[in-house]
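For reference, the structure is listed below as C-alpha cells.
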Amino acid sequence: DLSENFIQAIPRKAFRGATDLKNLQLDKNQISCIEDGAFRALRGLEVLTLNNNNITSIPVSSFNHMPKLRTFRLHSNHLFCDCHLAWLSQWLRQRPTIGLFTQCAAPAQLRGLNVAEIQKNEFSCSGQTDPGRAQFCSLSSGSCPAMCTCSNGIVDCRGKGLTAIPANLPETMTEIRLELNGIKSIPPGAFSPYKKLRRIDLSNNQISEIAPDAFQGLRSLNSLVLYGNKITDLPKGVFGGLFALQLLLLNANKINCVRADAFQDLQNLSLLSLYDNKIQSLAKGTFTSLRAIQTLHLAQNPFVCDCNLKWLADFLRANPVETSGARCASPRRLANKRIGQIKSKKFRCSGAHGSPLCPWWHTGTEDYQLNSECNSDVICPPKCRCESNVVDCSNLKLTKIPERIPQSTAELRLNNNEISILEATGIFKKLPHLKKINLSNNKVSEIEDGAFEGASSVSELHLTVNQLESVRSGMFRGLDGLRTLMLRNNRISCIHNDSFTGLRNVRLLSLYDNQISTIAPGAFDTLQALSTLNLLANPFNCNCQLAWLGDWLRKRKIVTGNPRCQKPDFLRQIPLQDVAFPDFRCEEGQEETSCVPRPQCPQECTCLDTIVRCSNKHLKALPKGIPKNVTELYLDGNQFTQVPGQLSTFKYLQLVDLSNNKISSLSNSSFTNMSQLTTLILSYNSLQCIPPLAFEGLRSLRLL
C-alpha cells in the first residue's frame, strides 16, 4: 500500500522482479506520468488502484499483462480523452465489473463521461498532434503533459484544473505557466530538475504550503509569480540561491510574518510586491540586501506603526521605492497615514520598551541567530507583556498557561498567578528557544507527567511558593538541559530515589522550607552535575532511614548551610552531618517506613496501574484522589443520577463504565474533552432523553 504519498511518476522498471505482487495501491499520490511498460512485470496482480492522482494519459496496453486482475480503480484523475486513450475504453468494456467511474476530465465535450461509454470515433486528436504517436511521458528527459501546450520552451498549463504540479516536464523549458489551477502545495525540489527555467507563474491557485527547497538550484530564474494564493509563511531559505531573480510577486496572500533574512540572496531583485497580506510589522534589515530594488509594494497590510517600524519609515525616506502607498493601520493616532511621510519620533511604543510582533528580530546579536524562526503565532498573549524575547504574564490571576506563546520566547514569566495544575498540553514543544520558566507564587499542587515534554532547552525552572506535596520523575520529563531547579516553600514531605531521574545536568537544587522528613537512599545519585543543594528549614526525622544522608553530606560537601534534625528529641537542632552513624536509629518496627512512593488511589476504590475500580460503593459523586493519568474508570453499580462533571478533567480516559446507576438524562457537555475515550458503558440506567450534542468530542469512541 503506497497510498497518500507524494509519488509523481511510475518509471518503467519500478516493479521489476515483483512478479508475485498481488495487491498494489497507489491512491492519493501526485502521479502524472506512467512510463510505457511500468506494470509489465506484475503478472500476478489482482488489485490495482490509482484513484485521486493527476494522470492524464496512459500508454497503450498498460494493463494487458495482468490476467488475474479483479479489482481496478482509476477514478478522480485528469484523463485527457483524445485518440491516444481510445484503447482504454475498449479495455474497460471488456471488463465491465472493474474500473467503474473512470471518467474523462477533458476535452470539454467529454468531461464527466465514463470512458467505457464513449465510442471510438469520439476519441479524436486535433490536427496539431500525430494520431499515430502516443503521448507517453518519459522520465529520462520529460515531455509535455497531455493537458498542456508546449512550444518555444514555454509549457502552458493555465486553467487545466490541476491540483498538483505535473511531474517530468521538459527539462529544457524556460517558462512554465501554472496559473488559474487548484494547486495546493509546492513540494520539495518541485522545479529543481529544470535548470533553464527563467519564469514560473503559479498565481491564482490554492497554495498554502511551500517546501523550503521548492526552488533550489534555479540560478537562471528571474521571475517568480505567486500572487493570489493562501500562503501564510515563507519558509526559511525558500528564496535561497535565486541570485538572478528580478521580479517576485507575493501580493494577495495571507503572509503574516517575514523573516529578516527572507530576501538575503536577492541582490538583483528590482520589483517586490507584498501588497495585500496580513503583515503587521517587518524586521529591521529585511530589505537591506535588495541592492537593485526599484519598486516595492507594501500597501494593504495592517501595519502597527510602533517603535519597531521606525526603521521602515527611515528606509522609505532614504529609498523612495514604495509606490503603492503603504499606510499605518494602528495605533489610532497614525491610522491611514503613509508610513514614509511620518516623522521618526512618532513611532513610539507604550512603556519603556517595545513589544515586537515578531520578537525574534534582533539583528547582529545572538538573539537574532537563536530566534530566526517565523511562526504565525507571534502575537503576545492577552494581557501579557512582551519585551524582546521575554513574555511576562505575571500577576494576571491566570489559572493555566496561555495556549498561544510566541515561538521565539526565551523567558516565560508566569509567577504570581493562580495556576494549580500543570497539564501535559505539549505547549513547550512549540517553544524551542525557551531558557527560563518562572512559576513561583502560584497554587501548583499537581504536575502531570510529561507537562514539560519538549522543554529540552530550558535551563531554569522556578516553582518556589507552591503547593507541591510530592516529586516524581515523570513531572520533569523533557527537561534534559535543566541546570537550576527551585522548589523552595512547597509542601514536599518525602524525596524518593527516582524523584529526580533524568535531571543529569542540574547544578542547583533548592528544597528549602518544605515538609521533608526523610529522603530515600540514592535520591540524588542521578543528579550527576549537582554542585549546590539547599535542604535547610525541613523537619528531618533522623532515624535509621536517614543514616545514609549524614555520611553523604560529609563526603559531597555541596549542601548550603547545615540542615538539622527535628526528630527524635535527643537530636533536635543538631546538624545532620554531625550526627554519629549509630545515633541514626529506629524503634522496633519502623525499619520499613522508608520514603516509598505510594500510588494515589481513593479510599473507596482499588487501583492497578492506571485502572481504577469504584464499583458498587453507593457513590453519588466522584471520590477524591482519582489519579490524573487514569485510563479505565469503573463506576458501575452506584447511585449517580447524572454524569459527573469532573470526568472531563481526566483526559487520558479510554474506558468509562457508568452502568447500573440512576442516570436519567445527559447534557451537551457530559463528555467534554474526552477525546481518547474508546468505550462508554451506560446500560441499565434510566435514560429518557439524549440531547443532540451529548457525545460531541468523542472522536475515538468505538463502543457505546
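Cβ atoms here come from the backbone N, Cα and C positions, even for glycine.
Features of the protein shown, as given by TrEMBL:
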DOMAIN    77-126  domain 'LRRCT'
DOMAIN    143-175  domain 'LRRNT'
DOMAIN    301-350  domain 'LRRCT'
DOMAIN    379-411  domain 'LRRNT'
DOMAIN    538-587  domain 'LRRCT'
DOMAIN    600-632  domain 'LRRNT'
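Per DSSP, the domain 'LRRCT' (538-587) is made up of 22 helix, 8 strand, 20 coil.
Mapped onto DSSP helix, strand and coil, the domain 'LRRCT' (301-350) counts 21 helix, 8 strand, 21 coil. Secondary structure by DSSP for the domain 'LRRNT' (600-632): 0 helix, 7 strand, 26 coil. When pLDDT values are averaged over the domain 'LRRCT' (301-350), the model yields 88. Taking H, G and I as helix, E and B as strand and the rest as coil, DSSP gives the domain 'LRRNT' (143-175) the counts 0 helix, 7 strand, 26 coil.
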